[in-house]
Amino acid sequence: MAFHKPEQIAELVIEAGVQKVSQTLPAMLILGFLGGAFISLGFLLNIRVLGNLPERWGSLVNVLGGAVFPVGLMLVVLAGGELITGNMMSLSMALYAKKITLVSVLNNWVWITFMNFVGAIFVAYCFGHLGGLTEGDYLNKTVAIAEGKLHESFGRTLILAIGCNWLVCLALWLAYGTSDFVGKIIGIWIPIMAFVVIGFQQVVANMFVISAVIFAGHLTWMDLARNFVPVFIGNVIGGAGFVGFAYFACYQKQHSNMK
């Protein structure tokens, strides 16, 4: 199993950021939809597991649910998809390296965020609502998860979102660190399970679960909008700052000197 050094990973992430802004609009839209749908499918799997577990199991319930959630990001990385939270890291690093412009970054972020939302809505409505997978016996659990995302203050929600994308982007960083299929799965699985068990907030996952509850007749689109703002900002800080800027500052200059 081959591993890249951190300075090599930094270069790979920057190259990925350049490639992402070079995609055609149709490709960007399709991959953005898939990214949102894949993350939502991972969350749907999480809900189906949690809904059958007794509450008396305590924290073990969250661990088991968190163990299956990473399927979503595995599909994004291994099958192909664009996820806004990952792009917050890769495009920011390419911007820091002066390989792309701020306009191209914002253009990508807007389209990918929108299409991630479309993908999340698709899974929430078609599979969650029409298919009944987040309703019936699973509705109480779905509502509890969604309401848990909404009861925190703006500031606390933002902080929880920072922690989330710190771990999500570390998962992607580890995935860039190896070309081995199994290595990528392991690298993704551990940090993503951690963010779910801890209770951090990820903007695309929240799009799915809150929308599912809206379609079931609970909550409103304004609830989703109020949650979106602090979570998106926090995810940007976690991805572009705590991972992207931190590793660019430490490794990119060193790698450039080596070349």
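Cβ coordinates come from backbone N, Cα and C, glycine included.
SER59 and GLY131 share a topological domain name in Swiss-Prot and therefore face the same side of the membrane. Long-range contacts of the transmembrane segment (228-250) within the same chain: residues 6, 9-10, 13-14, 84-86, 88-90, 92-93, 96-97, 113, 154-155, 157-166, 168-170, 173, 201-203, 206-207, each at least 6 residues beyond the stretch ends and with a Cβ under 8 Å from a Cβ of the stretch. Counted over residue pairs 6 or more apart, the CB atoms of the transmembrane segment (27-47) and the transmembrane segment (109-130) come under 8 Å in at least three pairs, which marks the two as touching. Within the chain carrying the transmembrane segment (158-176), a Cβ under 8 angstroms from the stretch's Cβ atoms is held by residues 4, 9, 12-13, 16, 70, 73, 77, 85-86, 88-90, 152, 184, 186-192, 194-195, 198-203, 230-239, 242-244, 247, all 6 or more beyond its ends.
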